[in-house]
Amino acid sequence: MAAKKYSAGVKEYRQTYWTPEYVPLDTDLLACFKITPQPGVDREEAAAAVAAESSTGTWTTVWTDLLTDMDYYKGRAYRIEDVPGDDECFYAFIAYPIDLFEEGSVVNVFTSLVGNVFGFKAVRALRLEDVRFPIAYVKTCGGPPHGIQVERDMMNKYGRPMLGCTIKPKLGLSGKNYGRAVYECLRGGLDFTKDDENINSQPFMRWRQRFDFVMEAIHKAEAETGERKGHYLNVTAPTPEEMYKRAEYAKEIGAPIIMHDYITGGFTANTGLANWCRDNGVLLHIHRAMHAVLDRHPKHGIHFRVLAKILRLSGGDHLHTGTVVGKLEGDRAATLGWIDLLREQFVPEDRSRGIMFDQDWGSMPGVFAVASGGIHVWHMPALVTIFGDDSVLQFGGGTLGHPWGNAAGAHANRVALEACVQARNEGRDVEREGKEILTAAAAHSPELKIAMETWKEIKFEFDTVDKLDVAHK
């Protein structure tokens, strides 16, 4: 075979990176992008440009291409599809050889897939809709420190969703008053309480004060109720060294679970903390603060299903997923899709839920889906139906806003949850019969009755901004 010769100049991307005849390998990492090209840029060229800029390409031919096997290492745009109901954009499917990515590094994956390519002038908007991580790559990642079953065994809680609460006000409480709020919620019937995502170590409450008062509250509530209790102690910090210092102290005082803001804190920090939690027997709750900056626009950014997959690889035992019924953005079908991607071992392609590829997680443990944001007792039937048992239902204002106080709010939520779980186990349609189920339970629980009266008119009926494209058909 004649040796390839270097020929300087600029070629159209499609000449190298548009390969419609390519059949993806089981070891390829596959990505689906939604591309809105600039006027005058055709689909094949735009798709090839994204494949090039997210893998081996640059704007001109370079002689060093001849020093490696470009045909092996390049990304390949292999399929284009219409976006239902939108003529401006299209789906581009791109295959990347696994050797483009460092083993076990979600940071390296994102640096390629959502790096400079998102500022590329040939596209007006670009969104990463889904990624298929090959099982060969999944096996290089640590994943959740413990997973669903191990957490249930550690906390001795089975057969129902867990109940939680974010302490409010989220900022401004002293350590002692914060601990008191935690105690009231836990003794009332909750399994967990939680630091809000922006509680770190501010002047009004330094982290060590909070940790000490919270653990005092946990021990007291456990002694009174005979149940295991926990509080998500947020160890997110300005530096990794400080983060580990806080995590070590939490372990020292007996905390069963800590918390990290995985997007603002960074994927490197999150993976390191997940490894530490695995080695030290501490559960890890993950908050998704900043996700909507990346995932809310329907044409530009990163879809949350990708952020959820990245978190499962990076490591976390819980992840906030939205509620569908609460105050935060969330399409029902899409939410059900990424809940499955967090918990199941194998998730097949399902366009009705926005899942573009089969995803095999092998033996990687699952992640608890956390429903939080503007929910109260009236939402309980829908939440139990949507999220199932392997979830944490967190009622912040829906606990602390009870007219009789935190303990009464917690008690109301526990009674509502157990009534819905019992009805479901009896074969009833919990979502359809929710009002009847809750009303019957409230006859024996004045706390639930008052909660139902307090929040009977509270609804969040704004339309979802980021709808599934299938819904536009």
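Backbone N, Cα and C atoms are what each Cβ position is placed from, and that goes for glycine too.
Look at Swiss-Prot and you will find LYS168 (among others) tagged as active site, proton acceptor, backed by sequence analysis. Other C-beta atoms found within 10 angstroms of the C-beta of LYS168 (active site, proton acceptor) number 16, with every protein chain shown included.
HIS287 (active site, proton acceptor) falls within a strand segment according to DSSP. Contacts of HIS287 (active site, proton acceptor) defined by a Cβ separation under 8 A and a same-chain sequence distance of 6+ are given as GLU197, ASN234, MET259, HIS260, ASP261, TYR262, HIS320, in order along the sequence. What Swiss-Prot lists as active site, proton acceptor is HIS287 (among others).
In the three-state DSSP scheme, ASN116 (substrate binding site) falls into the helix class. Applying an 8 A CB threshold to same-chain residues 6+ apart, the list for ASN116 (substrate binding site) reads GLU53. The substrate binding site annotation in Swiss-Prot covers ASN116, THR166, LYS170, ARG288, HIS320, SER372.
Residues or ranges marked as Mg(2+) binding site in Swiss-Prot (evidence: sequence analysis): LYS194, ASP196, GLU197. Sequence-distant contacts of LYS194 (Mg(2+) binding site), defined by Cβ-Cβ distance under 8 angstroms and a gap of at least six in the same chain, are GLY164, CYS165, THR166, ILE167, HIS231, TYR232, MET259, HIS285, GLN394.
Annotation source Swiss-Prot lists N6-carboxylysine at LYS194, citing sequence analysis.
Residues or ranges marked as site 'Transition state stabilizer' by Swiss-Prot: LYS327.
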ARG288 (substrate binding site), number of other Cβ atoms within 10 Å: 24
Neighbours of LYS194, ASP196, GLU197 excl. site residues, C-beta within 8 Å of centre, Mg(2+): THR166, ILE167, LYS170, ASP195, ASN198, ILE199, TYR232, ASN234, MET259, HIS287
Listed binding-site residues (LYS170, HIS320), ranked by Cβ neighbours within 10 Å, top entry: HIS320
Least buried by Cβ count (within 10 Å) of the binding-site residues ASP196, GLU197: ASP196
Conformational class of LYS170 (substrate binding site) under the three-state DSSP mapping: coil
C-alpha spacing of LYS168 (active site, proton acceptor) relative to ARG288 (substrate binding site), in angstrom: 18
Integer Å distance between the CA atoms belonging to LYS170 (substrate binding site) and ASP196 (Mg(2+) binding site): 6
Reduced DSSP assignment, GLU197 (Mg(2+) binding site): coil
